[in-house]
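Comments concern the structure below.
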Amino acid sequence: FTFDEAYIPTYLEAFPPLPEKTAAEAKAGEPSGAWGSKIKPIKASVITQVFHVPLEERRYRDNGQFGEGEEAKVCLDIMQRTGAHIELSLAKDQGLSIMVTGKLDSVMKARKEIVARLQTQASATVAIPKEHHRFVIGKNGEKLQELELRTATKIAIPRHDDPSTSIRITGTKEGIEKARHEVLLIHAEQDKRAVERLCLEKAFHPFIAGAHNRLVQELSQETGARISIPPPSVPKDEIVITGEKEAVAMALGRIRALYDDKKRKTTTISVEVKKSQHKYIVGPKGTTLQEILEATGVSLEMPPLDSPSETIILRGEPDHLGPALTQVYATAKSVTVVEVTAPAWLHHYIIGKKGQNIGRITQQLPRVHIEFTDGEERISLEGPTEEVEQAQTQMLEIIQDLLVRMDYTEVVIEQRFHRHLIGKNVNRIKEQYKVSVRIPQDCEHSGLVRIEGDPQGVQKARRELLEMVQRMENERTKELTVEQRYHRTIIGQKGEKIREVRDKFPEVVINFPDPAAKSDVVQLRGPKNEVEKCGKFLQRLIAELIENSFSLSVPIFKQFHKNIIGKGGANIKKIREETNTKIDLPTENSNSEMIVITGRKNHCEAARERVLAIQRELANIKETEVAIPSRLHNSLIGSRGCLVRSVMEECGGVHIHFPPEASGSDQVTIRGPAGQVERARRQLLQLAQEKQVNSFTAEMQAPSEYHRFLIGRGGANIRRVRDRTGARVIFPAPHDGEPERITIVGREEAVRLAQKELEALVKNLDDVVEDSMAVEPRHHRHFVCRRGQVLRELAEEYGGVAVSFPRTGGAASRRVTLKGGRDCVDAAKRRIQEIIEDLESQVSVEVVIQQQFHRALVGPKGSRLQQLTKEHQVQVQLPERGPPGPDPQAPQENGEAGPHAEAAPRKCDIITVSGRPEKCELAKAALLALVPVTEDVEVSYELHRYIIGQKGSGIRKMMEEYEVNIWVPPPEQQWDVVRVTGQLTNVGRAREGLLQRVRELQAEQEDRALRSFKATMSVEPRFHPKIIGRKGAVISQIRKDHDVSIQFPEKGDEHQDVLVISGYEANVAGARGALERLVAELREMVSQDVRLDPRTHARIIGARGKAIRKLMEEFKVDIKFPPPGSEEPDRVAVTGLPEAVDNAIHHLLTLEEEHMLSVTETETLAAYMKPPSRGEDSNGAPAKGYVVRDAPWNAPGGDRAPDMSSAEDFPTFGASVAPKQSSAWGPKKV
């Protein structure tokens, strides 16, 4: 049932009793009554269906073994897809019996697939009217899907735009019949229903619906038809009746008869009522109109709310119009609206603090609604006439009193000063003069500041604000230019450094530009003297930063970088700490030799001297200075440094350092091996002299492949050109942008002559000739082996000359062809002849070295052997590997033959060296020097694990650094020996390194013993959190200051008050003293609670706790707010020294009072700015909730609640109970 809100249903209507079962109903098992249709039987979740497929409808008739054909495969596939279990059996008539088990949905899907795939398909059509198709489809196609599953068929319904009325059904004969039957049932059901649309004048709809829609509801119940009448707000005349044809016809007749009767008997009158009174006649949700209709039978036609018309039309029988009109006027006059005028700025004072002024009026006169309009001077009072008049009198008295006591003024202050007034300045003025100060927000773009309050206080506050603004106008703004790269350093991590500056100059505002702006301007604003002081302070700070940013680049030979770093970074760390500089070395993969030192200039120079001293100690490095006029430096360096680079390369890679251009110094530093330094010095002086006398530069182009031939072996060709002409020829670097450019520098006549010679050489190289020479076939292999490496070297060295050796033997097999420039071909022929002479004069020398050491001779990837053959110009041939000897260590000790090793050596131990006799001897000596030796170093067993390091990192690093193998005995042997194997020189270095590491470890052990001193002290557990500090800040600082370890007791320890301090004895004593002083301070601290309104907590804490942290720092206290959901949400704990706690509490209470003003004003104004509630009755009574009539508890004697222990009041299911006389709670059900 549906009830109108004004209608109160009976208890039995709202809660119908369960039906009594008659014997007939019990036998039939059919439920009846209001609850019958809602009770559904409980169904099993797993069901089983069995159906039969006749022989003639079987799709697959396998002649083989039953259960092995296509039918079995299809069933297996269906089971996997649907999750249902299928069993097949063969009937006597050769038909199929199929049993499907599973959940209902799975069984229905499986059955549909079985029918589609195992049973032959037929089709049929059924025609029903087009308008009934949608009932077959159902909502979202659900009905159609359910029908297809139930009948195991496919039902095709024509599209909406298809005029056909036929529905096609495909499936088995049985399924088609079922589906056809269901479709026809739906058609028959819809064929019985009817829809009638009745157009009746809108004015008569209320008479048809009746008061509170009772009449139309009764009509629907009597006829069984559904009647839909449009609501009053919808301007439609159409009434729709739906249901069974007979019920619709009956309802249609009743409605038309009622309409005709009312149209004949009723008349109308019009009355004028103020538009403002219309809402009271309508009532909440139209209840008053319904009450008038119920009481008098008269309908009221109200003009729309947006219409200016004030005319109300009353329609009804003539003798009922009089009482209805009287009731309309009484309702309209029962409520009146009065407006009171008061300045808008007085509104929140009229409301009063926490609404107390207006609250007194509303408490005395609860049916009066008072509404304030924001920004307007009117206040609306709405309610019963007498009460509104009383409220109006009281309001006028309050306004008059406030106008006498209160005043306001407005001051124009430039918007740029507003943000400096907000905060402490305005809060102090508010407290001191008891006034309210409103500063407009930035988005308002207004400079009008309003002051309200006591007249004298308003004038004083105005004067003070103007004085403050005048002082601000006298403030000075200064701009400092600071490179943006220094901004982050000045600000510090999380703003720590700039906070210190602001604390030092609190009256100065320091603004840094946005990093994205790429600006160097830092702005200072404040009093003139303070700005000047702050500016000087920042300038000194910036000067220190710039001074500390001085940078030096020091060239150090790459092989010495690891020595600069030292073991574990010891050397570089020591230099950094002692010189207070930052030292950056290039990566191992980099070709750069520059070490960059950053810091103060004098510190950088000291660090540079330390680094250079290490290099001088490691090698015969000499450093000298030569005076060359600074005006010549740029010309000596050359374009892109090409001239000075050519000198450095020619002189064995020395480093030449020119002073900075702005220094004016004439001193040029040359550093490198002693002989090369002197050579470079002479060349530089010669170049400088040439530059001073007559400097001339010329450039020429030559293909880059000619450059090596022009330079010659070891620079021989170019040196001859220089000696003959006196000019310097500079070739481009490998990665130069212009690889073909050659630069010639010197006196003009010398440059011209050198250029002429070089051009002639290049011309000869351009003139390609072909020549040949005879080379014995036995030597050919030397030239073409190793993928023609010798031929490639000849081509690179002699201007790309092409040398071709014959591929086949015969008469012409000795002829070798050379093709290229004439000079290149001649030079290549001479070089080939030299190689042949070397090959013919070669001898072979045998070197006996045990096979076990051959791998050490070869080196990683053959590097050692390749270096040896290249350096001594010999060929080394290793023997094939043979079986290991009976005692591999006996024949040779440390690379020397033992006393019994003079017997014939094994073939696998003989290494053959081929080349010139003198070079073979040198190579033999070098090979023997590569034979590894083994040396035992005495190292205490206790130190072995420290030498090995974590995961072997320590010993691996030593082996890589000294290029040796280090063997540490297994732990179970506990030997005090470490064995080092490698080349003799490397073993010596490794032994010294091991002993040095032993000394370091022994020193660390001694230091560890000193650091293991421990002391305990007793501290009450309640002080532990304070000693630890926020995020461990306090205890971390003590540990850092005194270099000690401080351990707190674990949870559950017996002694919860004992702290353990460990470290050096002196440091432990210092830390203990610091802790005792801290505990003494903590004992003096007190903790007090202060009650603060929870609504102000968030404002006091501030964004991300910024405000409360600042307050705690200012008063040196700890403030804890209650967590959400606390039983005492207003309790705030303040801990600290007594005086600091008192000051902090006083400040907190002041803040609470300030914030409460704005909180209460906001809440009160928000409450009174709401429009009057339309959900209440006119007398302001609250909603009654859900109400029923004739409830059991309202019946006589109904105050007795049912007995929960009684089997009669609460019977169990299935139990028989003796019938008892029915009570107010309804009949007892079994």
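For all residues, glycine too, the Cβ spot is worked out from N, Cα and C.
For 120-188 (among others), the entry in TrEMBL reads domain 'K Homology'.
Per TrEMBL, domain 'K Homology' is recorded for 192-260 (among others). Per-residue confidence over the domain 'K Homology' (192-260) averages out at a pLDDT of 85.
The residues of the domain 'K Homology' (265-333), classed with DSSP into helix (H, G, I), strand (E, B) and coil, number 38 helix, 15 strand, 16 coil. For 265-333 (among others), the entry in TrEMBL reads domain 'K Homology'.
According to TrEMBL, the feature domain 'K Homology' maps to 405-470 (among others).
Residues or ranges marked as domain 'K Homology' by TrEMBL: 474-543 (among others).
What TrEMBL lists as domain 'K Homology' is 548-616 (among others).
As annotated by TrEMBL, domain 'K Homology' applies to 620-689 (among others).
Residues annotated as domain 'K Homology' in TrEMBL: 694-763 (among others).
For 767-837 (among others), the entry in TrEMBL reads domain 'K Homology'. DSSP assignment over the domain 'K Homology' (767-837) gives 41 helix, 17 strand, 13 coil.
Annotation comment: TrEMBL describes 841-932 (among others) as domain 'K Homology'.
The domain 'K Homology' annotation in TrEMBL covers 933-999 (among others).
Here TrEMBL flags 1011-1080 (among others) as domain 'K Homology'.
Among the features that TrEMBL reports, region 'Disordered' is placed at 878-905 (among others).
According to TrEMBL, the feature region 'Disordered' maps to 1171-1230 (among others).
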Ranking 405-470, 548-616, 620-689, 767-837 by Cβ pairs under 8 Å to the domain 'K Homology' (933-999), which is first?
548-616
Take the domain 'K Homology' (548-616) and count its residues per DSSP category (helix H/G/I, strand E/B, coil), listing them in that order.
37 helix, 15 strand, 17 coil
Treating G and I as helix alongside H, and B as strand alongside E, what does DSSP give for the domain 'K Homology' (120-188) in helix, strand and coil?
37 helix, 15 strand, 17 coil
